[in-house]
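The block underneath contains the structure these notes are about, expressed in structure tokens.
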Amino acid sequence: MEYTHQSSWIIPFTPLPVPILIGVGLLLFPTATKNLRRMWAFPSIFLLIIVMIFSVDLSIHQIKNSSIYQYVWSWTINTDLSLEFGYLIDSLTSIMSILITTVGILVLIYSDNYMSHDQGYLRFFAYLSFFNTSMLGLVTSSNLIQVYIFWELVGMCSYLLIGFWFTRPIAANACQKAFVTNRVGDFGLLLGILGLYWITGSLEFRDLFQIINNLIDQNEVNIFFITLCALLLFCGSVAKSAQFPLHVWLPDAMEGPTPISALIHAATMVAAGIFLVARLLPFFIAIPSIMNGIAFIGIITVVLGATLAIAQKDIKKNLAYSTMSQLGYMMLALGMGSYRIALFHLITHAYSKALLFLGSGSIIHSMEAIVGYSPNKSQNMLLMGGLTKHVPITKTAFLIGTLSLCGIPPFACFWSKDEILNDSWLYSPIFAIIACSTAGLTAFYMFRIYLLVFEGYFNVHFQNFNGKKNSSFYSISLWGKEGKKKLKNKIHLLSLLTMNNNERTSLFRKRAYLSKINRNVKSITRLFIHSTYFGTKKFPCFYPHESDNTMLFSMLVLVLFTFFVGAIGISFNQEGIDLDILSKLLSPSIDLLHQNSNKSVDWYEFFTNATFSVSIAFFGIFIASFFYKPVYSTLQNLNLLNLFEKNLTKNILADTIINGIYDWSYNRGYIDGFYEISLIASVRKLAKLNSFFDRQVIDGIPNAVGITSFLIGEAFKYVGSGRISSYILFFVFFVLLFLIIFYSFFI
């Protein structure tokens, strides 16, 4: 066991050979490396599997022994300065290592097929492997200096992957936006680290917390300064985990390839901010005002992320705002001091959201064959719909991830979110009401995504691309709700909708696809791969198709995680049955924070609390089903809903409220616009003023001196040309000047 911990230093360096070898291969043997590019997926996956096995072994030792291991090497520069590097192995390290490696392996397998036709395949795997190295180095760091180094490397990999398709201006701008926004938080983190070193003289986690607690207990430190240092450290987590007000970079980060959204922007990198707060929680917990601030930022982010997600049309940006909201729940739990619950939700959310992102990638992958490689179309949920029959496996996986995020038992996020809601009532009833309301809102926007994508009809074939109002059978509002259009008796597109029944693929069902749209076209629409155009020419009529097996494999494994990973944190005990493996793993850290690791509830209390949270989730699902139901839904036959819908359409106040909510959500809460006006525009004006001052004043003075010298030189050059007339003129001029001065002063 001791040897296992001593060998843990290899964890962050195991995936490193892949990007090095890819770089050397492209430099020395570019043709051979590119021809064998698919080969590089195997070592990337294999090396990460080794790290995963090592991490699981460490976790088993942690559960059995409940101890913390730290190994440090000191590099003495002189008698007054020495640098210490090492690694820290505790429960938090084990959890994060398993999370990074498991999700990373599945994303690498998924990416091998998803990125197979991309010219940047090798570059993608090099970036991804280097990101895994950086993230593993971050979670195993034993001091704040190492944390900051790997923190910046993680950010660099994120920027490279966000701007992976750098030839697209939108992706390049998103990369710059992520960089600038995170610079704010990272600068605060650096200042906080320097401030702590100035106070304590140490940056090692094993010494830092004890020194700070002693200084605070003995009143030997300025409480305002130590609070400022804590706030600056927290700024780094706010930016990295996309918390308000530094959240604006995360939705734009979806411009990168979808697999990296599953790994970086759902499971690992954005969780780095949560990890840092969890690592420094013994320090934060000594300053109650900082804990309250963490909880306050968390609850604001919870609400903001949920409200901004309810009207987005881009499926990935919808999931990005969902990630932002769920990270807010984790930050809220840490602010309340619920260390175990925050990490529990970090685990359950990582697998559920990775499943949703990979599912969205499968959907986008199938849509690209129809609408082209344009994110505005392939990721637009308004052009989807009716995908259940075309991508049934993806649909099932996406539904499971959706139910998990909504908090429906027995899926993973139900167990963790339910505990956060319960603890919020003990912390603050106001925060609890907001958190519970947002849980219902989460169910609403997640089922909105599901209904728009998988239910109804395939809207690409009915969407109006030409701007003509009468060219579609169905109109789709900005909210994504379908509404029937009245068809004229004479329809000139019937021949385009007539399908050939000879060449039908096995993926498609035999029943009519768009039956009963209208009596005039009731029997003419069926789903086939080819159609006859005016009876003479065949042209392909594409429909979405299921993804390849390698992509589906990763999704199915994540489905299993979403089903069963919640069992590790079940905290209720009955008749000696203890299922809370997570508390056993976290027992060293929980003892450090003076929390009771034996906290549990009985079955009755559990079912009482769960019934309330599940009822909220089902209410949100019901509202989403009402507003985004397909046009053929049997809910339309209910007199109560018809009556409500009729009254709602006549209510001007309700329309005003709904439109206001939509404008708020679709325009990102006007926060980006506010930053554009108050910060970006101001910086640009200042830059223009600085440019004017630099060119006209700083450069103007030496330029003026140079021009003046040039003119004087030219004048003397003309006078000294050798002409007698020039000399006489010059002599007369100075004689007259002398006489004028003489008579002015002396006479």
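The backbone N, Cα and C atoms fix where each Cβ goes, glycine too.
Per Swiss-Prot, transmembrane segment is recorded for 9-29, 40-60, 89-109, 125-145, 185-205, 219-239, 280-300, 396-416, 425-445, 552-572, 606-626, 727-747 (among others).
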Check your understanding: How about the transmembrane segment (425-445) and the transmembrane segment (89-109): do they have 3 or more C-beta pairs under 8 A, pairs 6 or more apart in sequence?
Key -> no
Check your understanding: Apart from its near flanks, which chain residues at least 6 from the ends of the transmembrane segment (89-109) lie with a Cβ under 8 angstroms of it?
Key -> 5, 8, 11, 41, 44-45, 48-49, 51-52, 54-56, 58-59, 62, 68-70, 125, 128, 132, 135-136, 139-140, 259-260, 262-263, 267-268, 271, 275, 278-279, 343, 346-347, 350-351, 354, 358, 550, 553-554, 557-558, 561, 585-589
Exercise for review: Flag the pair the transmembrane segment (396-416) / the transmembrane segment (552-572) as in contact if three or more Cβ pairs fall under 8 Å (sequence separation 6 or more).
Suggested key: yes
